[in-house]
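Q: From Swiss-Prot, here are the annotated features:
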- 1-52: transit peptide (TRANSIT)
- 383-386: motif 'DXDD motif' (MOTIF)
- D383, D385: Mg(2+) 4 binding site (BINDING)
- 602-606: motif 'DDXXD motif' (MOTIF)
- D602, D606: Mg(2+) 2 binding site (BINDING)
- D602, D606: Mg(2+) 1 binding site (BINDING)
Amino acid sequence: MALPSSSLSSQIHTGATTQCIPHFHGSLNAGTSAGKRRSLYLRWGKGPSKIVACAGQDPFSVPTLVKREFPPGFWKDHVIESLMPSYKVAPSDEKRIETLITEIKNMFRSMGYGETNPSAYDTAWVARIPAVDGSEKPQFPETLEWILQNQLKDGSWGEEFYFLAYDRILATLACIITLTIWQTGDTQVQKGIEFFKTQAGKIEEEADSHRPSGFEIVFPAMLKEAKALGLALPYELPFIQQIIEKREAKLQRLPSDLLYALPTTLLYSLEGLQEIVDWEKIMKLQSKDRSFLSSPSSTAAVFMRTGNKKCLEFLNFVLKKFGNHVPCHYPLDLFERLWAVDTVERLGIDHHFKEEIKDALDYVYSHWDERGIGWARENPVPDIDDTAMGLRILRLHGYNVSSDVLKTFRDENGEFFCFLGQTQRGVTDMLNVNRCSHVAFPGETIMEEAKLCTERYLRNALEDTGAFDKWALKKNIRGEVEYALKYPWHRSMPRLEARSYIENYGPNDVWLGKTMYMMPNISNEKYLELAKLDFNRVQFFHRQELQDIRRWWNSSGFSQLGFTRERVAEIYFSPASFLFEPEFATCRAVYTKTSNFTVILDDLYDAHGTLDNLKLFSESVKRWDLSLVDQMPQDMKICFKGFYNTFNEIAEEGRKRQGRDVLSYIQKVWEVQLEAYTKEAEWSAVRYVPSYDEYIENASVSIALGTVVLISALFTGEILTDDILSKIGRDSRFLYLMGLTGRLVNDTKTYQAERGQGEVASAVQCYMKDHPEISEEEALKHVYTIMDNALDELNREFVNNRDVPDTCRRLVFETARIMQLFYMDGDGLTLSHNMEIKEHVKNCLFQPVA
């Protein structure tokens, strides 16, 4: 038989697999011993052999003679055994975990206005205040004594275990001025002067990003005081002259009325602006907490100039809390709560502190302001750092907050800054805005603008080491930025984020305000110790579960199936990466087994079975009839027996969990799934390219995520009524968006390879069919836009679907996210052996954290 060369050559493609239902080019009648007329069909193939011979009575009963080939699975039993660590959960670990949980719960419950460390700089300013009774003594002698007792061995004041030249120089200058004013501590003053002389010349070597807030305002002003007091300091150093020039330039740019028009960050540094401040006007900007922007030093300066009783009340309030010293700012109640919640969530230990997190967020929400929030509830100057953190966390926990709050921090050029009217921004605040921007709802253009702006800034920051950081000195802020850019919200699975943040988290991180300060309820060893113990404990349970599932796979005979992908470990990694808590072990097992069947049956319907056999398989599921297995070929017998036995067991366990029969429910879920598979097989048989809408209607089901979720949901620990099931059912928008986004990300990364293997229908190809005037690149871009919009809508469904139990919502939403991770760079399931997914599986399941 001869085939026209143009017909044959136009159909031959390279590839590793053979199309499921062939495009037939010709046939040759052949007799059989049974006397039936059969035909030999030739078709183009997709494996090493480009022309495939098939025999059958008609095209739709033709079994392939060349098996579809997939890359072999990496995670074989011997590989898993070789990676099994010696770690086991010891009773002492369990006891320590319980102790840490109790201690951290107490930490949350004791949160008041914020815990922080002493500021020698601010304490020196408070110690300056003369007694209000007219005696020639300090109003707060305990603060003066603190200065005398807390000079460091090198003659400086500040944090003993952290050295930043700017911070030490500033604190030391403030302390020697105060001691000189009170004519005490001559020895300490002299040692402080010697320190200043030796270090001031080296300060130029310090990164500009380490310069405290307002340094160029307060430092020159204090130097002027020191000179008037006769302190022998190196006033002519080039560095000092440069700082003085910066101060003068900044003051010249300052509009005369801005200082009094509305609260700004200038209120934080009034002690450095005393010669220009109108004290009567400035009193109108005093905060509700009686301070000036929560700054003890600024408030002390105002009190010494005005005698305002409210200022004195604020200082008494702070000293009542801290005793003989003051911090660099106080209160810090919103900042402390938000960052503590963020910390335990990123470390993956938040499941131990649900009530404490709710209490903390209720507190923050009760002080939420549509204009933004600052670090304290009565802080009149909002900042983008606290606001973005609050917007993201509150939204994800179901609080009603609007993204319009970010407009406060955007200038006319569309750039985002930390404080209103300023150009200051740092890596940490832009990172928090970026993280916030990914929890957008549909139509929130401000979130898209924030995403683009911050991504640009952060990518540039990675190339510029000087950009790290304006507001914080963190252990590995670069690592945090790299993770956030590579794994944004819709790709960031909880276990992967926990693993990454355990490595990046600094239990001794410090922040930069006017001086360096620490937040022990945000950065501490207890969080990190619990995170490591809990991660390794959970991972140990996961490895045991994976071994059980591997035994199920092997005992069911699935390892004998040559036509399908063996991806048991990768599939188990999916639920383990997000529904990781020990109490969801059964749910993870059901999720994994169901997912494995979706892969087996997808490969069966897509590339292996004839239409007749596929219809028989579907009918067997519909009738739930094991007797029909006798009519199936051997490999399909293995499939159906395993399917039948597994879901009978799952249904029985589901009956116990739900208190009612769930087998018919599971059957119906699978009937819908197999109908979608069958339709795709029928399309492929005749090389039919549907319209985009027709394709998506079926493909959002055939992606099989809904089947996995709808069956697994029965094991989330909740009694699911018909009403609840309907809210995540096939007709729900929530489930549809999960399937849609999963299908689109799959198609965008696989359509070219599958087209080379003979597949004719994908979101991109179907969209091009509807719009023949556009290019493939334009169609792909449009599909990405549809997916991005759907992800925004999925965010909204996840946040607002509060009638659905939390674990069910997580199940739907996280299943959508795991698809974004698997297909971020290609087909992460089929090609998982040589992709980053392999490392994720290893880190999540086999490699304990040290």
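Glycine residues also receive a Cβ, built from the backbone N, Cα and C atoms like all the rest.
Computed from a predicted structure; not experimentally measured.
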Q: For D606 (Mg(2+) 2 binding site), which DSSP three-state class applies?
A: helix
Q: Measure from the Cβ of D385 (Mg(2+) 4 binding site) and count the other Cβ atoms within 10 Å, all protein chains considered.
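A: A 10 Å sphere around the Cβ of D385 (Mg(2+) 4 binding site) contains 27 other Cβ atoms.
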Q: For the binding-site residues D383, D602, which one has its C-beta crowded by the most other C-beta atoms within 10 angstroms?
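A: Of the binding-site residues D383, D602, the most buried by Cβ count within 10 Å is D383.
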Q: To the nearest whole angstrom, state the Cα distance for the pair D602 (Mg(2+) 2 binding site) and D383 (Mg(2+) 4 binding site).
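A: It is 51 Å, counting Cα to Cα.
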Q: Around the Cβ of D606 (Mg(2+) 2 binding site), how many other Cβ atoms lie within 10 Å? Please give the count over every shown protein chain.
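A: Within a 10 Å radius of the Cβ of D606 (Mg(2+) 2 binding site) lie 23 other Cβ atoms.
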Q: By DSSP, how many residues in the motif 'DXDD motif' (383-386) are helix, how many strand, and how many coil?
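A: Its residues fall into 3 helix, 1 strand, 0 coil.
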Q: Using C-alpha atoms only, work out the spacing between D606 (Mg(2+) 2 binding site) and D383 (Mg(2+) 4 binding site) and round it to an integer in Å.
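A: Their Cα atoms are separated by 54 Å.
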Q: Mean pLDDT across the motif 'DDXXD motif' (602-606), rounded to an integer, is what?
A: 91
